[in-house]
Amino acid sequence: MTTTTTNTPVLARLGRLMVDTPLIPLTLILLALIAVLAILNPAILSMFWVGNTLKIAIPLAMLAACQTLTMLTGGIDLSVGTAATIAAYVTATATPLIGAPSAIGIAMACALAIGVVNGIGIAFARVHPLIMTLGTGLIATGCLLVYQRSVISTGTIYPEVLVWLGTGRTWGLPNGLFLFIPFAVLILWVQRRTGFGRLLYAIGSNEAAARLSGVRVWQVHLALYSLSGIIAGLSGLLYLGMVKTASLSLALPLDLPSVAAAVIGGTSIFGGRGGYGGTILGALILTVLATMLTLLQMPEGGRRILYGAIILAVTALYIRLTDRS
Amino acid sequence: MTTTTTNTPVLARLGRLMVDTPLIPLTLILLALIAVLAILNPAILSMFWVGNTLKIAIPLAMLAACQTLTMLTGGIDLSVGTAATIAAYVTATATPLIGAPSAIGIAMACALAIGVVNGIGIAFARVHPLIMTLGTGLIATGCLLVYQRSVISTGTIYPEVLVWLGTGRTWGLPNGLFLFIPFAVLILWVQRRTGFGRLLYAIGSNEAAARLSGVRVWQVHLALYSLSGIIAGLSGLLYLGMVKTASLSLALPLDLPSVAAAVIGGTSIFGGRGGYGGTILGALILTVLATMLTLLQMPEGGRRILYGAIILAVTALYIRLTDRS
Amino acid sequence: EGYKIGISNTVQGNGWREQMVCAMKAEALASGKVESLNIAHRNTDAAGQLEDIRNLIQAGVQAIVVNPSNSEGINSAIKEATDAGIVVVAVDQAVTEPSAYILSNNQEQYAYLGAKWLFETMGGEGAVVYMRGAAGAGADNDRDVGFKRAMAEFPNITIAQEVFTGWQQDQGKQQINDIIAAGVPFQGVWTSGIDNVIVDAFVESGAPLVPIVGADNAGFVGQLSSVEGLQGAAVTNPGSVGGAGVALAIQILDGQMPAEKTVLVDPALWENVTEEGKANLAAAANPNLSPEWPVSVSIDGWTTYTMDQIIACKGPGE
Amino acid sequence: MTPAPASPAAMLDARGVAKNFGAVVALRDASLLVAPGQIVALMGANGAGKSTFVKILTGALKPDAGQVRIRGQDSTVASPAGARRSGLVPVYQEPSLIPDLSVADNLRLGDTPVDRFRHWVSELGLPDLRQDAMIRSLPLAALRIVDLARALAVEPDVLLLDEMTAALPTNLVDRVLSVVRAQANAGRSVIYISHRFTEIAAICDRATVLRDGLTVGDLAIEPGIEDRIVEMMLGAGVAAAAATRNASRSSSQGTPRLKVRGLATGTRLTNVSLDLRPGEVLGVVALEGQGQDELFDVLAGNRRATAGTVEVDGKPMTFAHPADAIAAGLTLVPGDRAHALLMQRSVRENIALPLLARFANWGGISMREEQTRVGAAIERLQIDTRAQGEVRRLSGGNQQKVTIARWIAKGVQTLLLFDPTRGIDIRTKRQIYALVRDLADQGAAVLYYTSELAEVRLACDRAVVIFNGRVVDVMDAADADEPTLMRAAYGLTEKTPEAAGAVA
Ligand SMILES: Nc1ncnc2c1ncn2[C@@H]1O[C@H](COP(=O)(O)OP(=O)(O)OP(=O)(O)O)[C@@H](O)[C@H]1O
Ligand SMILES: Nc1ncnc2c1ncn2[C@@H]1O[C@H](COP(=O)(O)OP(=O)(O)OP(=O)(O)O)[C@@H](O)[C@H]1O
Ligand SMILES: [Mg+2]
Ligand SMILES: [Mg+2]
């Protein structure tokens with residue numbers, strides 16, 4: 001009888017480590033990027049820079065929470081950018097008319113409505129989430145244009161609390177963390193320690209089996225996409241406070257990066273695998289990467305090439321390391 | 001023994017008809033839209049209008065072929081708009097320097113290169129097609145920007161054959177059909193009557209099973225995405241002849257409609273189901289829909305709302321009719 | 001020892017904006033007073049532009065010429081810059097921050113001038129196809145005001161169809177094709193700069209030509225003198241305001257303050273009906289330019305570079 | 001048929017249940033009566049409608065017609081959750097666990113009492129199952145046990161077991177049978193579906209027989225009843241075709257088609273050597289998880305060996321991909337048909353798949369030739385093609401036949417069959433034995449793993465027994481009665497590795 005050699009190759013062992021604790025390699029990638037930055041420009045690593053990076057990463061990480069949760073079920077939510085933009089735009093333009101609290105209330109109701117419509121289409125009409133959320137995104141943009149025509153002359157006000165959250169600092173760190181840390185803890189708890197979180201994994205992993213175990217899949221979808229709408233609305237408010245601009249395309253450029261953050265963070269687009277911890281690191285990695293490309297003084301063409309190439313490389317590396325079972 | 005009542009509900013019977021011959025309901029939807037158009041403006045139903053609609057639908061239908069084929073395997077190709085744009089831009093700007101044949105050759109090589117890179121990433125690095133094609137799209141756009149800086153003052157020429165294909169008419173019908181009809185016949189034949197086509201369905205329904213039957217899945221992915229790149233390049237050339245503008249975002253707005261055309265045409269985004277016949281009808285439906293919205297004198301907001309709503313309604317209806325049981 | 005100037009632009013890959021950036025580079029080079037240009041030229045939104053401007057401040061530039069993505073969104077960064085003693089000139093579109101200088105094309109006048117010519121050419125009555133730009137964009141709103149002002153002066157003019165081209169050539173072409181095919185009666189077309197494809201659509205479909213007003217893009221200007229039977233007018237909307245912005249910034253750095261904080265460049269109209277108009281067109285036509293570039297590559301009294309310099313698109317030190 | 005007498009004592013009483021799937025009539029008029037403390041066997045050929053019946057009873061499908069009474073009360077069970085509230089708990093034929101969750105999370109999902117679950121798991125023979133194990137990492141047999149233990153932990157009034165034992169090795173089957181019997185003795189009712197008469201005879205009280213969606217009989221289980229049940233299941237006349245035992249004539253001369261030496265991979269397969277000759281059917285017997293899965297995977301090119309050699313017709317081979325194995329003539333029918341089938345494609349496409357796999361065959365398909373080949377394979381395996389548009393609509397047994405038909409159409413040299421009669425009815429089983437024999441007579445070599453020990457004598461010439469990743473015994477099929485195989489499978493009669501390896 002031959003003895004099986006137990007000295008497995010290093011790559012495979014590393015792979016196993018990553019499957020068990022996927023946050024480690026992501027942290028390593030993040031640190032490596034920061035190291036590259038520090039070499040490029042040693043002066044950069046200040047408290048100010050850290051605070052600034054966190055500030056920019058927060059809205060992205062929040063929108064990426066929507067992607068993480070929906071991707072766990074095998075879905076995706078490409079309407080988050082629109083929902084965030086609408087929440088921001090409505091808040092800024094309605095505040096002069098009806099005051100900040102009501103304006104924020106209405107804005108969040110709009111974001112929730114988008115989520116509910118997504119949920120209904122996905123849960124009952126069984127439209128694929130990609131199509132459904134693109135469709136509602138289109139419809140919602142249309143509504144925003146109609147709305148914009150009707151409020152064109154009232155001017156904009158940015159509620160102070162949002163400005164404080166978006167631009168203020170406390171001990172050098174952005175106030176946005178006062179919103180984000182409880183938010184992240186909540187999402188991690190929901191995902192790991194609640195029945196709802198478990199159902200997300202269950203549906204993404206085997207919807208038929210979940211159904212046979214008595215799960216009412218439509219309830220989960222409805223709740224999930226509504227939650228996603230609310231999170232998107234919240235991110236929009238924070239972003240408004242940060243940018244202090246009510247534009248019709250405010251958060252739209254964050255749609256694809258939010259998907260990228262979740263994917264880099266190790267959430268599978270096929271459903272059933274991943275988690276929000278990795279996503280947060282993914283958002284930080286993307287933000288640091290963007291800073292790096294700016295510092296490199298790359299022309300736009302080069303920036304895009306590098307950005308795309310690095311995202312693909314990180315994704316491929318991660319797959320290579322974790323998927324060789 | 002109880003007799004089972006055999007009078008099945010109408011909806012279910014209609015559903016069965018649609019599963020068997022999915023082209024019938026799509027044709028009905030198309031005819032219904034045309035009927036609405038004719039009511040809105042009876043003058044419209046001219047030969048000129050038919051030719052015009054076909055002309056506009058052709059590039060969309062060609063790009064949607066890329067989506068159909070990749071979606072059959074459970075993939076998607078979101079780099080087609082970029083590949084088409086690059087092919088068009090390179091042709092227009094390189095023709096003054098090296099003549100049309102070489103320029104077209106280089107342009108098609110660029111489009112093919114994008115497809116090959118997609119294929120490699122998906123086949124070997126096992127990156128999800130959504131991420132991979134978005135990534136190469138980003139990189140390719142970057143390359144285009146770099147290229148554009150180097151040719152800024154050379155001017156543009158549109159090769160005559162492309163202009164003839166894109167804008168000419170023969171017996172009232174657009175010359176683009178001389179390219180498109182053989183193309184569509186070829187794609188339908190590939191999809192239904194070739195081993196390659198069967199393998200697309202096989203991989204989309206159960207990749208592991210295809211592998212166990214001896215299919216080298218990477219070969220199929222590589223060939224598929226390369227083919228997709230070539231088709232996208234070809235569509236770009238045709239589109240260039242049609243629009244006669246070399247812009248950096250020429251065909252990008254067609255990315256999402258090409259997906260929508262395939263989905264409306266009944267191809268499943270999960271893989272394994274659908275076909276190009278439906279996609280062609282889907283492209284026609286979208287084109288007629290756009291005309292209708294133009295004629296309705298909708299303001300932009302209303303247009304988007306209606307466009308999104310109709311796409312969702314058609315998709316949901318189709319799912320409802322075909323997927324019950 | 002020259003000046004160090006920063007540039008911030010948020011739209012890329014559009015002929016008009018390319019010309020703007022090339023004009024900035026050419027003017028900096030031609031002035032001989034600029035040591036280096038620091039260019040942030042990418043597709044982004046207000047948030048990204050805020051970041052770009054802060055990076056420029058950190059890089060230590062003495063002046064920033066910016067095409068603002070939005071009239072309010074970047075005010076905070078502009079304030080930071082002017083507080084730090086940096087001269088800020090906004091070109092093309094206005095900003096509401098009072099410490100910035102503004103040098104822009106007069107968009108309201110742009111629309112008014114073209115519409116007025118069109119309505120007069122139509123004999124003061126008939127229906128017009130109104131092809132706007134991108135819904136919600138600042139310049140589009142300003143142009144709409146001008147267009148409506150002209151409409152008010154011609155009570156017998158109606159709008160046959162109002163569409164948004166999104167400033168996309170293909171979309172505009174599809175829309176005009178639909179309108180022609182649908183048989184909607186109209187006697188004129190006003191477009192917000194998507195022009196040569198509109199003429200193409202008429203020619204390709206064999207539909208009778210009507211008067212068309214567009215911008216001074218090279219392609220359209222060429223068509224105005226070459227297409228048989230076409231009556232039309234090009235309204236200038238020079239991308240070279242970028243060059244003018246740089247010139248203004250240099251003047252200010254040299255210590256010559258302008259009288260007003262806001263300088264509007266008024267458009268000119270070149271039609272192909274009168275001899276004078278034809279001469280203007282012939283003078284402006286330039287086959288070397290990309291059809292998407294405006295032919296008005298310079299602005300009298302502001303820019304000092306030559307045609308070759310702007311086409312070469314090289315800044316100081318390149 | 002005679003309606004069952006209305007019995008107030010009935011636990012479950014279903015009558016006139018009908019269900020159509022489009023044009024396919026799955027159930028025409030099915031009835032079932034179960035008293036408390038009874039185990040009722042639900043019998044029927046492949047496609048008779050058993051699984052459909054179970055799904056209707058437990059609310060996973062809605063019937064088109066029919067009436068179900070539970071404890072004498074009219075009841076409409078609208079969902080699996082509702083069925084559970086009424087005391088009906090199923091174990092479906094497909095494992096209904098979530099692959100990406102751990103065992104513990106799966107239990108929480110269904111509100112299963114954990115303590116009782118633990119009790120049942122160890123009672124059923126898996127005492128060291130880890131609660132934090134991911135479902136996707138467990139073998140099929142363990143999943144079935146988890147499924148059953150989960151159902152038992154709810155303490156149901158009626159337990160419905162749909163081919164629960166088909167994928168289980170013999171030792172676990174025995175545990176399951178005794179647990180089920182004990183449940184009935186404690187006053188609970190059980191509906192038991194299996195294609196194995198030994199199991200039916202061992203524990204069931206009555207049998208209800210379905211044929212083509214119709215309940216055709218309801219009889220008490222007593223010695224000698226087997227033939228009557230078979231006759232009812234299949235219709236008169238068919239049952240007579242008894243299996244003909246094949247003469248064992250393994251030839252020990254000539255180059256073996258397949259020569260395996262010292263094969264090892266992973267932790268389970270440590271050292272297997274065997275020879276397989278043309279014209280031979282070599283049985284493989286092993287308890288769950290002794291390395292047989294890995295052995296078949298390596299031979300099919302689905303997994304790489306870490307040690308050992310494989311020779312095909314005397315030439316050493318290494319397979320990096322299933323395509324390599326297929327090129328060398330080795331074709332696998334996997335144990336889990338979900339790994340083999342394109343569920344949403346037609347029977348024809350499924351069968352033709354291997355014909356198109358190679359790059360050289362990517363071009364145009366000759367539809368006529370394909371039709372001939374596929375038709376012949378369907379004919380040979382007597383696949384019920386009523387629902388051939390999509391394989392997922394076939395009954396389990398017919399799906400299994402498709403996985404075999406594929407290789408018949410392609411032409412076989414060496415067939416690796418992993419439990420090919422899993423879930424297949426008695427008639428088809430006999431057809432498959434005959435088919436395997438036919439193939440061998442035509443010069444094919446067959447490696448035949450089976451979890452049903454009695455099959456060795458019915459289908460094989462010789463058998464190797466694998467225990468702990470190595471061959472521990474080799475015997476002639478004639479000597480391979482169940483007790484002998486069982487002892488060998490437990491490693492009790494292990495020969496020295498050399499001896500076993502040499503004779504294999
Ligand atoms: N979803 C479905 N769509 C169409 N036909 C179906 C569907 N499910 C089952 N059938 C058909 O219903 C009939 C009965 O199937 P069922 O699975 O109940 O049989 P069974 O008795 O369990 O067979 P087996 O022993 O093979 O599992 C078969 O002919 C099958 O093809
Ligand atoms: N995908 C699978 N591959 C292999 N075995 C399976 C699979 N799914 C279920 N089984 C096992 O095979 C047995 C038979 O399943 P099948 O679907 O055939 O049941 P059935 O329809 O009641 O029976 P029959 O197929 O005889 O009509 C089940 O008890 C189950 O343990
Ligand atoms: Mg069954
Ligand atoms: Mg079955």
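Backbone N, Cα and C define each Cβ position, glycine as well.
Caution: TrEMBL annotation is automatic and unverified by curators.
Under the heading transmembrane segment, TrEMBL lists B:23-50 (among others).
Look at TrEMBL and you will find B:62-90 (among others) tagged as transmembrane segment.
TrEMBL lists B:102-124 (among others) with the feature transmembrane segment. Here the transmembrane segment (B:102-124) has Cβ contacts under 8 Å with residues 75, 77, 79, 82-84, 86-88, 90-91, 94-95, 132-133, 135-137, 139-140, 159, 217-219, 221-230, 232-234, 236-237 of the same chain, all six or more residues outside its ends.
Among the features that TrEMBL reports, transmembrane segment is placed at B:131-151 (among others). Using a Cβ-Cβ cut-off under 8 Å and counting only residues 6 or more beyond its ends in the same chain, the transmembrane segment (B:131-151) has close neighbours at 76-79, 81-83, 85-86, 89-90, 93-94, 114, 117-118, 121-122, 125, 248.
Per TrEMBL, the feature transmembrane segment maps to B:171-190 (among others).
Outside the transmembrane segment (B:222-242), and at least 6 residues removed from its termini, the chain residues within Cβ reach (under 8 Å) are 55, 58-59, 62-63, 65-66, 69-70, 73, 75, 77, 79-81, 83-88, 91-92, 104, 107-108, 110-116, 118-120, 122-123, 129, 158-159, 161-167, 176, 179, 183, 196, 200, 250-251, 254. Residues or ranges marked as transmembrane segment in TrEMBL: B:222-242 (among others).
The annotation transmembrane segment is assigned in TrEMBL to B:278-298 (among others).
Taken from TrEMBL, the feature transmembrane segment covers B:304-321 (among others).
Taking every recorded stretch in B:171-190, B:278-298, B:304-321 and counting its Cβ pairs under 8 Å to the transmembrane segment (B:23-50), the highest total belongs to B:278-298. Residues 22-23, 26-27, 29-30, 33-34, 36-37, 40-41, 44, 53, 56-57, 60-61, 64-65, 67-68, 184, 257, 260-267, 306-307, 310-311, 314 of the same chain sit 6 or more residues outside the transmembrane segment (B:278-298) yet have a Cβ under 8 Å from a Cβ within it.
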